[in-house]
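What follows is a single structure, written as structure tokens, with notes after it.
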Amino acid sequence: MSELPTCRWGIVATGLISSWFVADLVVERDGAKVKHVIQAIGSSSSEKGREFAFKHCPNATPTIYASYTELYSDPDVDCVYIGTPHSFHRQNCLDAIAAGKNILCEKPFAINAREAREVLEAAKKKGVYIAEAMWLRHRPIVADLRKVLFEQHGIGEVSFLSSQYNLPVDVASLPSTSRYRDVKLGAGSLLDVGIYPLTWALVCLDPSDSQNLELPNILAAQTHSSGVEVTTSVILHYASTGRQATILSTFTAAPASNVVCRIHGSKGYIDVTGHDASHPASFTVYREISQGKFEAQEHDYPHPGQGFIYEADNTALDVLAHHTESATMPWAETIRVMEIMDEIRRQGGTVYPQDQA
Ligand SMILES: NC(=O)c1ccc[n+]([C@@H]2O[C@H](COP(=O)([O-])OP(=O)(O)OC[C@H]3O[C@@H](n4cnc5c(N)ncnc54)[C@H](OP(=O)(O)O)[C@@H]3O)[C@@H](O)[C@H]2O)c1
């Protein structure tokens, strides 16, 4: 039996997302094209690193580093995964790039487009791989849905969509050091979860590739509580096609339904359902067969673990092939997303200290 190509990961930070990511790296699945090894953990302390490895990497023996810098210098790490709060992504990426490491960095890629451009420029100069960990885009459901929309024209001409992410967070009750409370860490619903409805709007309304990206017109409002942006509503409008999206993110209410995105077209609509806008599980095409009557066709997407394996596989294969960018989440798309979120925040009145740097 031939050996699978192997990618050795260096995990930066031991928070929630890092624990989810490492669990999925080693999840049981059929037909794997690549093997993942949890090679090293970098943390603010060796105790935290050891505890993380004990709890979340039971079948691995990663090297534990009491700093991120030491991890970047480990020659046995092929790709660094950055799971720190948003405000640290820029510096973590710049440090890893300086050490010549390939990088998968959690979303949002940075606090604003200026930071994102700085990091991507540094990666380009150094010739390393770097990608934003927008795991939603790597899920097979997204590629299949785009086929239904833009190749099969399953609901006719696409005209508008709505998508939202409700994550109840009682910001006022959190310690001032929480990343949900501290604006220095990038607190706010848009960068945390609003990026997912925005992603649905981009992937379902815009069939263009990364060479030809359109910046939609934006109309946005934001609400703040305890100094933190807790609700964001946005209308996106594509001038070229007239397509529109209404997207929303909030910390103030629980989800009222499992429909995370609804896309309308001239011949029907599609409901994407799931736990939330980052965890889609299925989509149903409702095609109009006569006025007001719809025929439903459901497409289910069971996935191993939580579904991080798709972005992990694609990243590993890119790194092993010596690519510098992801075809699924190209640099130009990361910049477009950051520019849109910058404009939403400009209209909504959310300013981070990093914007004034
Ligand atoms: N893709 C997804 O579905 C998803 C889900 C959740 C979060 N995320 C993203 O992942 C990033 C981290 O989120 P999280 O929920 O995992 O955060 P978290 O649980 O608060 O963990 C963040 C980790 O970063 C390190 N860190 C370094 N400096 C820190 C500081 N000053 N304050 C707090 N932590 C610090 C800590 O690890 P050490 O002490 O070990 O260094 C900490 O455990 C965010 O950018 C978020 O948007 C993505």
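Cβ coordinates are placed from backbone N, Cα and C, and glycine is handled just like the others.
Residues annotated as domain 'Gfo/Idh/MocA-like oxidoreductase N-terminal' in TrEMBL: 8-130.
The domain 'GFO/IDH/MocA-like oxidoreductase' annotation in TrEMBL covers 149-270.
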PLDDT averaged over every residue in the domain 'GFO/IDH/MocA-like oxidoreductase' (149-270): 96
Secondary structure tally of the domain 'Gfo/Idh/MocA-like oxidoreductase N-terminal' (8-130) (DSSP, helix then strand then coil): 53 helix, 26 strand, 44 coil
